[in-house]
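The following features are taken from TrEMBL:
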{"type": "DOMAIN", "residues": "1-116", "note": "domain 'Thioredoxin'"}
{"type": "REGION", "residues": "110-129", "note": "region 'Disordered'"}
Amino acid sequence: MAAGAAEAAAAVVEVGSTRQFEELLRLTAKSLLVVHFWAPWAPQCAQMNDVMAELAKEHPQVSFVKLEAEAVPEVSEKYEISSVPTFLFFKNSQKIDRLDGAHAPELTKKVQRHASSGSFPPSGNEHPKEDLNLRLKKLTHAAPCMLFMKGTPQEPRCGFSKQMVEILHKHNIQFSSFDIFSDEEVRQGLKTYSNWPTYPQLYVSGELVGGLDIIKELEASDELDTICPKAPKLEERLKVLTNKASVMLFMKGNKQEAKCGFSKQILEILNSTGVEYETFDILEDEEVRQGLKTFSNWPTYPQLYVKGELVGGLDIVKELKDNGELLPVLKGEN
């Protein structure tokens, strides 16, 4: 067993120079090569090195390499490595895919897919291109306003994407997003599909509006608000949420798992009544969390609503229970 473990550990090759990397690329041309660009200071990289070691045991026909991004800057710059961990996939000495970030399930999926797909199809094969165009069409139409960016609105991974998100939020524009770091095929394909070489890219009704400079111009000319769909105003949203069910509880956590003692107690009381109710986790939406305090003029959580009207917090609900009034209130009889 010890010999087997040593062999598996040795299956992930460490590359320390540009020359060594290029030689390895040439030697492994006929098979799949997976390269992990990592850094010793990043704990998520250490975890992904363990994942690589496991994958090396499962796929002996695949070559796995780890390359310290900052120690071999020539290679990192050539392949535009801007964050760690990043994984590149090579076949026939050509880069065929990329994965940015510590996504173990996605890495496993990509290794399995590329390892079983044989040779990378030559560029003359038009079928994959047709499939990609269809996929890009679906993605650009996935929401009325679609932003293709580096990272997510919560965690943008480049300054331009961050600025774009800030502008859209400032104008209360409702949009969905796609992280191009999560899919190299989409990242490269969209540049050709839209004839636009950089990111972020903003689409409305499936049509490209443009990148950050265009959005800034539209903002300056007051045209942005007429092009993009608006998110509902907070007050309208809160009205809809408080009326979502006959009995609505705004709490920390959800029915399955309360995340504070007060929320846990109010759940126990409501469950004892047998009345159906729905919950909203205020920890997952800061806008609702802060806005509802003003909307209801009630500064703390949990908050219980019946037919859109505030009943109160835990103390009020306890009082109603002790007085035998809670059930009529929940049924809307009071």
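The backbone N, Cα and C atoms fix where each Cβ goes, glycine too.
Secondary structure by DSSP for the domain 'Thioredoxin' (1-116): 54 helix, 29 strand, 33 coil. Per-residue confidence over the domain 'Thioredoxin' (1-116) averages out at a pLDDT of 85.
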